[in-house]
Amino acid sequence: MSKTPHEAPALTAHEDHPGWRAYLNTHMLICVFLGFTSGLPLFTLVYLVQAWLRSEGVNLKEIGLFALIQFPYTWKFLWAPLMDRYVPRLPGWRPGRRRGWLLLTQLLVAGAIAALGFVSPRDSIWTVAALTTLVAFFGASADIVIDAYRRELLRDTEQGLGNAIHVNAYKLAALIPGSLALILSDHLPWDVVFALTGAFMLPGILMTLVVREPEVVGVPPRNLRDAIVLPFREFIQRDGWAGALLVIAFIFLFKIGDTMATTLSTSFFLDIGFSRTEIGIVAKTTALVASVAGGIIGGIWLVKIGIGRGLWIFGALQMVSTLGFAWLAQLGPGSPVLAMLYDFTVSTSHAIASVLSVFGMAVTPQFSPMTVALALVYGFETFTTGLTMAAFVAYIASTTDPRYTATQFALFTSLASVPRTLASAASGFIVAKIGWFDYFIVCTALAIPGMLLLFKIAPWNGTARNGEASRAQ
């Protein structure tokens, strides 16, 4: 086993933890800012730009092609070595490698978002395409340095909770372009809307100005060749080709079943009879609350059980939640299980309403048995997604060498995003061939290979194959 000069976050680092309250510190607050900054540009492209284009009369085919502008998020590992090698310098101020790139990329993201409001999709669609591509490129570049900064900032035992907080802040960033900006667009011109959206990058910019540069571990790459070659060489030499391929296979496979199950969730809900209003109010609201709750609980739980055991427990729950979709696909209005769940939910809701009435809050719960099932199934699925993302992102952090954090983290997160692309492309064809119930059974089965790899990647009571984890244990 190779000896590298760093101590990676242990999959069993929980064994010496002082309790989760000890982690409510400035590191966690920084993770909030970093997560929000990371999510804002992507969700601006996904939600706000799409609504803007449609409102300006752009046809659906052209809007669909705009999904291609997100390619920098998949290929960001190609220029990540540049951000490991070079250190931005400003006249009279040298912020450091991570802070310098953080400041530069955030300023560029804010400027690119604001610039969108000054062009018209009707008259300059190619200019819009160029600007949105810049938003994606600068946003993906910000992601590279944000992931690297977070990895270097957090101590071993902070990785689980810190990454969970980052993921939740990332999701909450969607509320700005996906909700607030859309509401404002009904009352304000688009140039003001985009300027205000870009202004929400300011908290992250101000944070960058006041935080410290993380401590440098080892010797950074001395030239561009080292920045490109050494991260990959270190990863392969750590445990040899066999160990490297195991880690790559695990990152690729661990969430592929869950990703395929959710990629067509809205179409699935429509096909089994739910209205768009029910989906918007029940499913999406439940999903946001449950996902955030899962991330927070997952992060706290990881402090106690460690990343390795978290992958086992949360991965198993993720598989069970996927089976919930299969159950929903077969569920009929006369199902005795549904009747039991409905009666329990109604009784609980009336009990809560009675308590609230004591404080002068009149609440009258109104829902059908099927909406109860929808909320329970989708709520549980997104809750387990929050759990698994907390452990999965922390695991990815544990595989990186602090000397090459930007390059290795970008490579692993890019690899993890590949199943999402493949799932989006193939899922519709599979459903058309075998139907929804069998499709979700297949999705559950696809999670099994990733779980089996845990015997090598993160044994429950053993030494992990991955050199990072094994050294730390």
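Placed from the backbone N, Cα and C atoms, the Cβ positions cover glycine too.
According to TrEMBL, the protein carries these features:
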TRANSMEM  29-51  transmembrane segment
TRANSMEM  63-80  transmembrane segment
TRANSMEM  101-119  transmembrane segment
TRANSMEM  125-146  transmembrane segment
TRANSMEM  167-184  transmembrane segment
TRANSMEM  190-211  transmembrane segment
TRANSMEM  241-261  transmembrane segment
TRANSMEM  281-303  transmembrane segment
TRANSMEM  310-329  transmembrane segment
TRANSMEM  341-363  transmembrane segment
TRANSMEM  375-397  transmembrane segment
TRANSMEM  439-458  transmembrane segment
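Between the transmembrane segment (241-261) and the stretches 101-119, 190-211, 281-303, 375-397, it is 375-397 that has the most C-beta pairs under 8 angstroms. Between the transmembrane segment (125-146) and the transmembrane segment (101-119), the number of CB pairs under 8 angstroms, six or more residues apart, is three or more, so the stretches are in contact. Proximity of distant same-chain residues to the transmembrane segment (29-51), defined by a Cβ-Cβ separation under 8 Å and at least 6 residues beyond the stretch ends, is recorded for 63, 66, 69-70, 73, 106, 109, 113, 116, 132, 135-136, 138-139, 142-143, 146, 149-150, 153-154, 162-163, 165-174, 176-178, 181-182, 185, 193-194, 197, 200-201, 203-204, 207, 211. Residues 42, 45, 49-50, 53-54, 129, 132-133, 135-137, 139-141, 143-144, 406-407, 409-411, 413-414, 417-418, 421 of the same chain lie 6+ residues outside the transmembrane segment (63-80) yet bring a C-beta within less than 8 angstroms of a C-beta in it. Looking at 167-184, 310-329, 375-397, 439-458, the range that has the most CB pairs within less than 8 A of the transmembrane segment (281-303) turns out to be 375-397.
Ranked by Cβ pairs under 8 Å to the transmembrane segment (167-184), the stretches 310-329, 375-397, 439-458 are led by 375-397. Tertiary proximity for the transmembrane segment (439-458) is limited to same-chain residues at least six positions away from its ends with a CB under 8 Å from its CB atoms, namely 11, 246-247, 249-250, 253-258, 260-261, 307-309, 311-312, 315-316, 318-319, 322-323, 325-326, 329, 395, 427, 430-431, 464-466, 469.
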